[in-house]
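Just below is one structure, and these are the notes that go with it.
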Amino acid sequence: MANDYLFTSESVSEGHPDKVADQISDAILDAILEQDKYSRVAAETLCNTGLVVLAGEITTTANIDYIQIARDTIKRIGYDNTDYGIDYKGCAVLVAYDKQSPDIAQGVDRAHDDNLDQGAGDQGLMFGYACDETPELMPLPIYLSHRLVERQASLRRDGRLQWLRPDAKSQVTVRYVDGKPHSIDTVVLSTQHAPDIELPALREAVIEEIIKPTLPADLIKGDIKFLVNPTGRFVIGGPQGDCGLTGRKIIVDTYGGAAPHGGGAFSGKDPSKVDRSAAYAGRYVAKNIVAAGLASRALIQVSYAIGVAEPTSVMVNTFGTGRVSDAVITKLVREHFDLRPKGIIKMLDLLRPIYEKTAAYGHFGREEPEFSWEATDKALALAEAAGVEPTARVA
């Protein structure tokens, strides 16, 4: 009997209030790194109706206009009218940054030399994951959820659906048979809209213009349940509808619940914070394992102690799909990847102003030129060392 089950993931648009906060935090991080790549940044953002609060810890030589960066980010997202929930021109922006605690800094302040034994900025555990469900080696439900809200934003920006507004959420339920995607079961899409659009017209346009062009044709089997703005009216949105906070969409940012999460958010954090850099490294490791043909699914856990460079643990789980044992793969990971914090920064070239782009539509599974953790440049070496044939996805 086939193992038949449903699995669901969600995403949110760049105009969702929590994502507004994430993008402001990462825009500030990028501006700082452009001037001082060795800065220590933990930039948190709160946004509500007409108000943005910037707080956290920043130690830098950079001279940054934080208020203008916040306004520019809100404008780029599309909040240029008070009717949308916040207006970049008129919102209040409060700045309350402190410097990094010297107790923390003493363990990580070797950033300017070539010593790769810079300690981790905190303790913690991080996960990386990859699977062969999509060419990008991502779980299908989160991949499709991201593409839906990306398309919503695209149609809003180019004016094809002029009544769309920045805030939106998506959710995709996929039916799996024997562990493989079989068909799309349910698609939910809720989008903020202008007050004068009638609900039937909105639903028809969303289904025909956003949802159907996004779904893979080979997974459209039978009747799919389309739930578009299922509560009806969605005029009040963005930071007016809900208070936005940095770091509240950590499952959207990663694998949509298909893999565990260590709990640490990404946005606003410089790469000395292993919450971010080690999660990126975990994705890099897992993706190369799958691309190498060592397994069709790979989960990596890595953990750290504050002030200590070497990971306290490295674990690989291939869920029985490995062509060699998990112990062998773990040994290969330790041999081919430097998972010390500064080793990760060097390996993935993370001292660059590349982070605002990560803050909406997922940190993983997007083959952007800046996203070094999506490369599969270690796959051939892993395959050769393990004695297996790599997949066709090696790049």
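In case you wondered, yes, glycine gets a Cβ from its N, Cα and C as well.
Note that the coordinates shown come from a computational prediction; the quantities given were computed from them, not determined experimentally.
As recorded in Swiss-Prot:
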- His16, Asp167, Ala168, Lys169, Arg233, Phe234, Asp242, Arg248, Lys249, Ala265, Lys269: ATP binding site (BINDING)
- Glu44: K(+) binding site (BINDING)
- Glu57, Gln100, Asp242, Lys273: L-methionine binding site (BINDING)
- 100-110: region 'Flexible loop' (REGION)
What's the most sparsely packed of the binding-site residues His16, Arg233, Lys249, Lys269, Lys273, counting other C-beta atoms within 10 A? Arg233
If you count Cβ atoms within 10 Å of the Cβ of Ala168 (ATP binding site), leaving out that atom itself, what do you get? 29
Note down the number of other Cβ atoms within 10 Å of the Cβ of Glu57 (L-methionine binding site), including every protein chain shown. 16
Provide, as an integer number of angstrom, the distance between the C-alpha atoms of Arg233 (ATP binding site) and the residue listed as 'K(+) binding site'. 31
Reduced to three states, what secondary structure does DSSP give Glu57 (L-methionine binding site)? strand
Measuring CA to CA, name the entry from the binding-site residues His16, Glu44, Lys249 that ends up nearest Lys273 (L-methionine binding site). Glu44
For Glu57 (L-methionine binding site), which of these binding-site residues sit within 10 Å, Cα to Cα: Glu44, Ala168, Lys249? Glu44
Taking the Cβ of each of the binding-site residues and counting other Cβ atoms inside 10 Å, which one has the highest number: Glu44, Asp242? Glu44
Measuring Cα to Cα, tell me the gap between the residue listed as 'K(+) binding site' and Lys269 (ATP binding site) in whole angstrom. 9
